[in-house]
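Q: Let me give you the structure first, and then I'll get to my questions.
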């Protein structure tokens, strides 16, 4: 409700700032006041008129305002913190993109869907879906210099997108940081001078079916291993989670003290990484973003020489093209690249808002996409080299020791490491890897909320000291107290519910809405002009087609697929699968050793409610924008151009705005435009075209924009 209130108040906060800026300008309109402008002020343009072609300016608005003082509008640009160096920003977006999913989901998908054959849909989805949306988000934040809520001053109708992103990243923080707490708990248990605790069965929580690796191998050879479980599986579910002491959501039990302490450590690390803004988080990522590559390389060198490693790697990369005949691998690839790059969460947008407007975010986008793919492949080789070794020591095929998600990194992988010489050392390295992967992603999620809401509250509260620090404390402390529910004996039931619903369908719909809002409502004419004004070049035709058509269509297919899953009552969304038999929860063993907790109706309603609240913000804020402005035209027009709408200059009501692929300044649009002009106007058009060229010979027809109700084209001179 608090976030919703901030979103609803955003238009009034902005209008008050705009009125104050105009009043200040009128007071300083004398020649003496105008001559007092300092060079620093001129460089930062704290009061930049639209006619100056400032950041994100509208070309039509600029031309009209330049000719007619009645339409001259000036917008205040806040002083904004920026990254210490460009590498701080680059490492931050790489750190957020490369997370735990690169280790526990990508390798499993490669194995499940044809090994090396899965790389084909993976790369295609990266090229046509993930990277274009990633690029769009970086440009959106950098050009407008605002977080995920205020950035939608360019289209008030879409302000609900930013609000949904803020709520989504905060909900994810409740359970994602608990995963890092599990990693800390395993890390502390790794400092053992004897046997690692998940390698033995003499703990108080162990059952009579617990066996060590050697015992399990002997039972497998005798075909008697079906009802027995490895010590690592019981250590995680019964030792760490104590899930056997909770029957479900109706009885969560008591918080686990060690987990609560580990959660406190995680949130403390987050606070001291974020409390001073990007100045501090930009330095932390030098460790958290680079260390995973170093640790993965060390683990790969060690894993590649283990017996059975080649067998596991073969399972990982061996191509089976027949698996690509179904729709499943294509849908899974689309979902994987979507979550892997992190586009749609608003984090990259928030990070980019602290970059200099002229920073080459296009280069950063490509570097991050390459680094993300490299991390996934490297993690795949590491994981499957150890799974091959696990197959060797247990006597079971690789496909029977393979797992996905938490089961892979907290049950299968630890026991493989535990059999190595100097096992504690390798365990410390592995869980340090998971912690570094998790922390910078958790930092990004928190920064999205701090930036989005901070844009609304920091200026009104600027007269108070340490606003950022106090706000960070409030956000971190509340998230910590919410995470305590996930540290209870039944906390895994809540964790699974949040994991399925907080960033499932909602993140996909948010990304789809963002693509539509930018490429259709804001318009590619203006968006491409923003890129050219700030980066120095126009985006190519590939990016424009992806933004307007290809990426939205791909995402729409995923949305339909997810809705089908949501409507299926037997879907994985509505149950939690135990990895072993718990006599406290089940009276009898089943033949297939499959044990489930099915969420009651109340649990399903909670999941649907979490998803519905996030998605409902988008249409609710859209309706509110139309009602509050009493005009659809204003709701889809940047706030800086609202006075132009009042005068009847509504560029969003033209056919060109909706059908345009952007300025005709890139191949092959420039050739098409020249050919069309020559055919229509003949020699006269050639003369006009030569007049419309600048000193470098660049055609300026891209700057033209048809006015409402007129066939006349307005050029740069109005």
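Note that the numbers count up from 1, one per residue, in the order the chain is shown.
Quick reminder: no glycine exception, Cβ is built from N, Cα and C everywhere.
Where the annotation comes from TrEMBL, it is an automatic prediction and has not been curated.
According to TrEMBL, the region 'Disordered' annotation covers 23-64, 682-718. Residues annotated as compositional bias 'Low complexity' in TrEMBL: 29-39. The feature Na(+) binding site is assigned by TrEMBL to 95, 97, 98, 102, 340, 372, 437, 440, 441. The feature transmembrane segment is assigned by TrEMBL to 116-135, 167-188, 257-278, 284-304, 365-389, 409-437, 470-495, 501-524, 545-567, 605-627.
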Q: Beyond 95, 97, 98, 102, 340, 372, 437, 440, 441, what residues of that chain have CB atoms within 8 A of the centre of the Na(+) site's CB atoms?
A: 94, 96, 99, 101, 289, 292, 342, 375
Q: Between the transmembrane segment (409-437) and the transmembrane segment (257-278), are there three or more C-beta pairs closer than 8 Å, counting only pairs 6 or more apart along the chain?
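A: Not in contact, no.
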Q: Excluding the flanking five residues on each side, which residues at least 6 beyond the ends of the transmembrane segment (116-135) place their CB within less than 8 Å of a CB in that stretch?
A: 109-110, 317-321, 323-324, 329-330, 333-334, 336-338, 340-344, 348, 361-362, 365-366, 368-369, 373, 511, 514-515, 539, 543, 546-547, 550-551, 554-555
Q: For residue 95 (Na(+) binding site), list the number of other Cβ atoms lying within 10 Å of its Cβ atom.
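A: So the number of other Cβ atoms within 10 Å of residue 95 (Na(+) binding site) is 29.
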Q: Using Cβ atoms and a strict cutoff of less than 8 Å, what residues sit near the transmembrane segment (605-627) while being 6 or more residues removed from its termini?
A: 4, 7-8, 11, 156-161, 163-164, 167-168, 171, 497-498, 500-502, 504-506, 509-510, 513, 573-574, 599, 635
Q: If one looks at the chain holding residue 437 (Na(+) binding site), which residues at least 6 apart in sequence have a CB under 8 angstroms from its CB?
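A: Sequence-distant Cβ neighbours: 98, 99, 100, 102, 103, 288, 292.
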Q: Output, ordered by sequence, the same-chain residues six or more apart from residue 441 (Na(+) binding site) with a CB under 8 Å from its CB, or 'none'.
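A: Same-chain residues close to residue 441 (Na(+) binding site) (Cβ under 8 Å, separated by 6 or more) are 95, 96, 98, 99, 100, 176, 342.
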Q: Could you pull out which residues elsewhere in the chain have a CB under 8 Å from any CB of the transmembrane segment (257-278), counting only those six or more residues past its ends?
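A: Same-chain residues near the transmembrane segment (257-278) but 6 or more away: 81-84, 88-89, 92, 177-178, 180-182, 184-185, 188, 240, 284, 351, 354, 439, 442-443, 446-447, 450, 468-469, 472-473, 476-477, 479-480, 483-484, 487, 491.
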Q: Relative to the Cβ of residue 340 (Na(+) binding site), which residues of the same chain, six or more apart in sequence, are found under 8 Å away?
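A: The answer is 97, 99, 101, 102, 106, 130, 372, 376.
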Q: What count of other C-beta atoms do you get within 10 angstroms of the C-beta of residue 98 (Na(+) binding site), across all chains shown?
A: 30
